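As structure tokens, the structure follows; a few thoughts come after it.
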Amino acid sequence: MTTVNAPEFVRHPKLIAWVEEIANLTKPAKIEWCDGSEEEYQRLIDLMIANGTMQKLNQEKHPGSYLANSDPSDVARVEDRTYICSQNKEDAGATNNWEDPAVMREKLNGLFEGSMKGRTMYVVPFSMGPLGSHIAHIGIELTDSPYVAVSMRKMARMGKAVYDVLGTDGEFVPCVHTVGTPLAEGQKDVAWPCNPEKYIVHYPETREIWSFGSGYGGNALLGKKCLALRIASVMGREQGWLAEHMLILGVTNPQGEKHYIAAAFPSACGKTNFAMLIPPAGYEGWKIETVGDDIAWIKPGEDGRLYAINPEAGFFGVAPGTNTKTNPNCMATLHKDVIYTNVAVTDDGQVWWEGLSKEVPANLTNWKGQPHVNGEKAAHPNARFTVAAGQCPSIDADWENPAGVPISAFIFGGRRADTVPLVSEAFDWVDGVYKAATMGSETTAAAVGQQGIVRRDPFAMLPFAGYNMADYFDHWLNLGAKVSEKAEASGNKLPKIFNVNWFRRDAEGNFVWPGFGQNMRVLEWIIDRCEGRANAVETPIGFVPTYEDLNWEGTEFTKEQFDLITNQDKDQWVTEIESHTELFNKLGERLPKALKERQAALLEAVKLASN
């Protein structure tokens with residue numbers, strides 16, 4: 001039997017008993033209690049270099065940075081192997097995979113039995129959210145992957161201090177992770193152990209996460225999507241708060257007024273770029289600061305305002321497409337102490353990925369560790385960087401404020417070649433929830449005259465809601481109604497809700513809106529709408545700006561171009577609203593009646609409008 005040997009700084013009997021229980025099941029060769037120290041980090045990095053999991057990069061160009069190359073079969077989240085095992089199938093809903101918890105436990109017990117043989121079990125304590133914040137939650141991950149242990153040190157507040165907050169009886173979310181490849185005595189390990197059979201399992205009632213077979217990102221760093229979205233969304237519903245797939249940014253105008261915005265976009269729609277936006281020419285005196293680029297936990301305050309924290313402490317960003325033009329702040333964040341995964345590397349130890357530079361460097365080794373061949377991808381399309389958020393030059397002074405930052409507006413956006421205008425403001429909270437619930441994003445780049453397939457991704461939470469999506473909509477509606485009463489009593493208002501679409505195309509299939517820093521122009525209008533300063537025109541689908549309502553200083557973007565990305569085609573909108581029925585039917589009878597009513601009213605308004 002493996003000796004548990006809990007260190008003195010762990011004073012939580014229930015936690016120690018749980019570690020012992022999992023050790024008896026998984027049978028690791030030894031147990032290490034992580035303390036989050038620099039010495040421990042370096043020791044684990046050196047261990048992985050010796051194992052061939054990691055390589056040291058050029059320390060002049062990339063100080064303190066390392067590269068890991070995963071197994072080619074283990075490169076992304078596995079949505080089809082991700083389960084929400086609630087007691088009742090209906091509580092998981094139609095958009096999640098479900099299995100009876102008793103059946104799943106039996107299955108996983110078989111898989112986890114002896115799964116850590118020959119390996120070290122790392123006990124990784126972490127806080128999602130600033131230590132001690134009333135919005136934060138603690139997790140403990142038991143993993144046999146040193147890659148997970150070092151990555152969690154960057155992605156969460158990881159180490160000894162977590163045990164001080166936990167004390168002798170504090171609550172924690174138990175997370176168990178194994179790569180699922182036990183080692184027999186004397187057997188040589190592979191550089192990236194993983195198992196073809198994978199399970200990422202959540203038990204919402206008992207707040208447990210079990211992950212088997214993958215060493216990669218969101219499947220293995222269990223504080224990220226598993227805890228911070230799937231389990232936290234269940235907690236939020238029970239306790240009256242929100243766990244959302246949203247960036248948080250701060251906007252300060254030249255007069256010193258500051259607003260915080262939370263924005264939800266599906267993957268590959270530019271969340272990180274938007275969170276780290278640099279205002280363009282013509283916006284001197286404006287400042288954008290980053291609180292978070294991926295996840296927001298939002299709790300109502302006594303004053304009826306919604307306060308958000310970024311539960312993470314790092315960025316786990318997609319590398320391809322990131323460069324000094326698209327995201328200079330992100331590139332500056334990567335100046336040191338980065339763990340790269342599945343990017344390419346030059347013969348002198350510098351990283352490279354598609355979009356980093358126009359020229360492909362000579363003598364490149366691709367993400368599979370082979371010489372790069374032109375015409376193939378050098379970096380995997382989902383190649384990642386893991387880096388501490390505190391290194392970001394645009395990081396907000398209040399990014400670790402335990403009370404959170406007050407949200408003035410929510411933005412929802414997807415990738416649509418037509419139909420959806422550049423920006424629109426919802427009529428009210430219910431209308432905003434309807435728009436977020438029915439938002440869609442194209443899965444394929446739209447060819448000329450051919451629309452990409454629109455996948456509905458409600459609130460950009462389709463892969464991440466830990467319970468029935470219809471109940472999730474209901475939670476947003478109820479929270480709005482409750483908070484609205486408090487807000488009115490304190491002289492505050494609910495955040496306004498906006499929809500954006502940076503991706504409208506012209507007849508030739510080209511993007512019309514320049515995006516990136518130019519999105520500041522839309523952001524300014526949104527802020528001014530929150531302040532009651534900006535004009536808008538009422539249309540059947542929401543309030544929209546005219547060309548004159550936006551600030552065009554420093555750009556030559558024409559009224560004709562603006563009209564192209566803001567026009568509302570009546571037939572397209574009738575088709576669009578009618579297509580929402582497919583999602584609503586899928587979600588079944590728990591769908592809030594208010595959303596069905598909103599759909600009928602919208603459809604009628606659009607049909608009555610002149611084109």
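Backbone N, Cα and C atoms are what each Cβ position is placed from, and that goes for glycine too.
Within Lys225, Lys258, Lys325, the residue that Swiss-Prot lists together with His245, Asp294 for binding Mn(2+) is Lys225. Swiss-Prot annotates Tyr216, Gly217, Gly218, Ser267, Asn382, Ala383, Arg384 as substrate-binding residues; of Arg77, Arg529, Arg533, the candidate listed for that same site is Arg77. Among the candidates Arg305, Arg415, Arg416, the one that Swiss-Prot lists alongside Ala268, Cys269, Gly270, Lys271, Thr272, Asn273, Arg384, Phe516, Gly517, Gln518, Asn519 as binding GTP is Arg415. Spanning the residues Arg77, Tyr216, Gly217, Gly218, Ser267, Asn382, Ala383, Arg384 that the record associates with binding substrate, the maximal Cα-Cα distance equals 17 Å.
Counting every protein chain shown, 17 other Cβ atoms lie within 10 Å of the Cβ of Phe516 (GTP binding site). Checking the binding-site residues (Arg77, Lys225, Asp294, Asn382, Arg384) against Cys269 (active site) with a 10 Å Cα-Cα cut-off leaves nothing. Cα of Gly218 (substrate binding site) to Cα of Gln518 (GTP binding site): a distance of 31 Å. Of the listed binding-site residues, namely Arg77, His245, Arg384, the sparsest CB environment within 10 A is found at Arg77. When Cα-Cα distances from Gly270 (GTP binding site) are compared across the binding-site residues Arg77, Lys225, His245, Ala383, the shortest belongs to His245. It is Ser267, among the binding-site residues Ser267, Thr272, whose Cβ has the fewest other Cβ atoms within 10 Å in the structure shown.
The two recorded residues Ser267 (substrate binding site) and His245 (Mn(2+) binding site) have their Cα atoms spaced 10 Å from each other.
Using a 10 Å radius centred on the Cβ of Gly270 (GTP binding site) and all shown protein chains, the other Cβ atoms total 21.
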